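Undergrad: What follows is a structure written as C-alpha cells; I'll ask about it next.
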C-alpha cells in the first residue's frame, strides 16, 4: 500500500507515538541555554520531555508519601504497561491480517454465488451482530461480496446510502439492542477509601501512629484508662483528622479530573439521518449510520467505505505503523479510532463500541496516567530543600532534647528535673522519650511541605473547572500554567478573530458586478447552470430541502455554507444537479494549494472539471472568462481588472473566492480505478465563472481582547491563509495593526516570502511580523520555530489537520472546538470551545492566576514553616521544652497545608494580572517581594511568641499563680492560640503580596471566607472544649482578646512592610553566585 498522497493531511507529521523528534530535543536545548544539567528539578519544558528526565527528578525529591506526591504526575510504569497492552492488541490485528494474506489466493477463486456464511437474522435486521463484527474485524472481503457489497449490506441493515437511517428514537433503540452502543466499559475512578489509604501512607504519619500507640499503652499503664489515654488518643485523633481532610481534598480533585476527561472523550461529529446532516456525540453513533469523512476526522466506529475520493487513513493508532493506507472498493474496511489523513468519503457503520478493536483497546487501558507540569517539578525541588532543612532541624531538636533530658537539665513546671539518674522509673523515662521523639517527628511533618507540589494540582483542577465555563477545555495540565508565561499568540483569522458567519455580499461574473449578488435575472441561464453545477458538486457541504416546504437547511464549513446559500438564491436545484452528473474524481480542498477541484461526467457525456479556491490563485490559472451573457472571452486584457476587483474586495475585509471550470477530453481521463485515484486534475486553461466576496465580520469585543493582550506584554500576530489585503483590513479592524503606516514588510508579510528566507533571517524577521497572509501550515510551523528560538513562549491557534505540527511544536497549542478537526484537537494542549479569541485571552488570565496563586500559598506556607521551626528550636535549645506540642503542630500543619492550599490556591483571577508582563520561565518562584513579606511576618511571630515563652508568666501576671503547672499551661495555650490567630490573619495578607489593600474582593471568594471561618470556629472548639486532647486550657475573654490582638497586628505590619522597596536582583541570585563561580572554575 502506498503511503503517498496528494500533499495535504497528516502525511508530513512525525510519528507522535514515537515521542519527540531529535530536532525537537535540539530546539528545547537551544531554548534553555541557562538550564543547569546538574539540577534534576530544572525542567522548563515537561511537554515531550524524555522519561529519563522525569525519572531523575522523582529520584531526587525528598518524599514522605510517594503515592500522594506523585498521584498527578505521569506514571512511568503504567505508561509502559499501556504501551505493552496496545502492542498486544495491535499484534492481534496483525495476526488477522497475516492470516488473510494466506487465504487471499483461495478467496480469489470464489465465484459470485458460492455460498459463504449465511447472514443470521439479528432480530429486526437480516444480519446478526457476530457476522457483521467478524466480517469487519477480520476484513472479510469475500463475505462483503456475498452480501452484495456495501449496497446489499445497507439493505440488510435497513439503511438508505443516500439519506442515511431514519434516526428516530425507536429506530435508534432497535439498533442499539441488536448491535450495541458506541461506548466501552471504563475503569472506575478511585474510591474515597483508596484516597484514605494513600493519605495514610505518609511515613511521618505512620511513625506518629506508632508513637501514639506506645504513648497510649504507657499512659493507660501508668495513669489508668480514664486519664492515661489522652496523650496517645489525641495524637491518634489529630493524625486521623489530617488523613480525612487530606483524602477529602484529593478525592474532590479526582472527581474534577474525571469530569474533564469525560468532556475530552465526547467528540462531536456529523452523520446523515433522514437526508439531513446532523451533529451528534460519538457515543450516539449506531450500526447503519452513514458518516461523511473529511481530512482530520476520527473514524468514529468500524465501517465499510461507501464512496471515497483520494481517501487515505492513518492507521498508526491501531497498527502502530505510521503508514498511510489508501481506501477504495478493493480495501473498503475502516477501523474505529483511525484518522482521515487525506481525501473525502462516506462510510457505513458496521461495528460500534466493544465490538471494535478500538473499543477493546480503550476498555483495557487506563487513560488517566497523569502528567507533571514545570511548576510542579520546581515545587518538588523547593519542597525537597525545605524538607532537608526541616529534617536537620528535627534531628538537632531531638538530639538537644534528649541530651538535656538525660543530663537532668529539663525541668518540670515546678522547677524540678524531669530525669534523675537512678530515681526516675523506666516507664516514666520511656514515656518522656516517646514524647520527645514525637515532637521531633511532628517537626518533620510541619517542615516537609508535602502539600506544596500538590497545591499546583489543586489550583489547576480548580482553574480547569472554571475555564470550562470560560469556554476552554484543558487537555494538558502544563499548558494551563505555561499560558501564564506566553509572550506571543499566533492566531488564525477566520472564526477566531471573526465570527465565522459568512455571507456572499459581492459577486463579479464576467466584468459585471452583480448587485444584489444573488440576482439571477442579470445572468444568462447557461451561466447560472454552470455556476450551480460547480457549486453543488465541488462542495463538502449539503443542502436539505424539507418535503413539507420548510426552510432550506444548509450544512458544511462556513465558507461552503455561504457559497451554497448564494447559489440556492440564484436558483440552484441541489439534488437535481447532483443526480444529473457523476463524480469521477475529487481533489479535496488543500491548504497548501488553497483550492479544491472535482471532475464530473454530465448526462451528455461531457466531462467538466470545476475548481474553487483563493481568488488570485485561481485567476492566475485562467486563460478565459465567461461573461454574464454566457459568452467565453479572452482574459488576457482583463486580468488587471479582475485583480483590481479582488484587491478592492479584500481591502473591504472580504474573503475572495473564485469559481472556474474547463472541459476535459475523454482521452485524458484514466480508465482503470487505480489510475483514476492517482489522477491529477488539470488546473490550467481554466474559464473563470465568478469571483465572490464573502463577508465575515470581526467578533464583538475582539479589539478589546487584543488590547488587553498588548497591555499585558503579549504580542498578538495574525497568521491566515487569506489574501494579504483581507488580512490587513481585519488586522486594522481588530487592533493588531495600529495604523496603515504599520502595513509595510516585514510587519505584514506573505507566507511564500517568509518561507524563502534563510533560517537566520527568519529568526530576525519573525520578531517584527504582526500579520502573515496567504500562509500555509508549514509557514505557521516555521514562524513558531523562529519565535521560540528567539526566546518567545509561543501560543498558537489552529483548526486544520495540517496545523497539527505547529500545535505540537508550540509551547501551547490551542485548537478550535467548533471548526477544529480531531487531529488538530489531539495535537493541541487546550481546546477553545467557542473558537473565540476572547476565550484565548481568558486562558492567559487563568494561566497567570495559577502562578500567582501558587506564589501566595508558598509565601503563606513558608511563613508558618519558618515561625514554627524557629519557635520550637529556640525554645528546645534554651529550656529543653517546646511550647507547641505534637497535636498542636499537626493542627497547624492542617491549616498550613490542606486548608491553606484550598483557600489561597483557589483565588479567582483579577484584572491586575493582565497589567503585568508575562512571568519568565526562569524567574524565581520566591520573589524578593515574597521574601520581604514572609520574613517580616515570621520575625514578628517569632519575636512575640518567644517573648511570651520566656517572659509570659511575668507579662501575664501568672507568677503569683499558686498552681505553677496551670500557669505554664495557660502560657503555652496562649502561645498556641496566638500562633494560630497569626496564621488566620496572615492568610488575608497572602492574598495580595504586592497590594496594600489585601481585603479587595475577599467577600466574593466564598471558599476563602468559609475556610477562614471554619478554621477560626474549630480553633475556638479546640481551646474551649478539647483541652484534654491538645494539652491546652480554657482561656478567659481577656486572653482571647490578647490572641486576636497579636494576630491583628500582622495587618498593619504587612501594610507598612509593603512600603519597603526591594532590589530587582533576586535574593536567590546572590546565594547561587558563589556556587556558579565555583562550578565555572571547576569546568575551566
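In case you wondered, yes, glycine gets a Cβ from its N, Cα and C as well.
Quick paste from TrEMBL:
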| type | residues | note |
| --- | --- | --- |
| REGION | 1-52 | region 'Disordered' |
| COMPBIAS | 12-33 | compositional bias 'Basic and acidic residues' |
| DOMAIN | 149-220 | domain 'Cation-transporting P-type ATPase N-terminal' |
| TRANSMEM | 195-220 | transmembrane segment |
| TRANSMEM | 232-251 | transmembrane segment |
| TRANSMEM | 382-406 | transmembrane segment |
| TRANSMEM | 436-462 | transmembrane segment |
| TRANSMEM | 857-877 | transmembrane segment |
| TRANSMEM | 938-958 | transmembrane segment |
| TRANSMEM | 1006-1027 | transmembrane segment |
| TRANSMEM | 1039-1060 | transmembrane segment |
Undergrad: From the DSSP assignment alone, can you count helix, strand and coil residues within the domain 'Cation-transporting P-type ATPase N-terminal' (149-220)?
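TA: Summed over the domain 'Cation-transporting P-type ATPase N-terminal' (149-220), the classes give 45 helix, 3 strand, 24 coil.
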Undergrad: Hey, would you say the transmembrane segment (938-958) packs against the transmembrane segment (382-406), going by three or more CB pairs under 8 A that are 6+ residues apart?
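TA: Output no: the transmembrane segment (938-958) is apart from the transmembrane segment (382-406).
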Undergrad: So what's near the transmembrane segment (1006-1027) in sequence-distant terms, Cβ-Cβ under 8 Å and 6+ beyond its ends?
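TA: Residues 891, 895, 899, 902-904, 906-907, 973, 977, 980-981, 984, 987-988, 991, 1033-1035 contact the transmembrane segment (1006-1027) from elsewhere in the chain.
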Undergrad: Mean pLDDT for the domain 'Cation-transporting P-type ATPase N-terminal' (149-220), as a whole number?
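TA: Averaging the confidence scores along the domain 'Cation-transporting P-type ATPase N-terminal' (149-220) gives 83.
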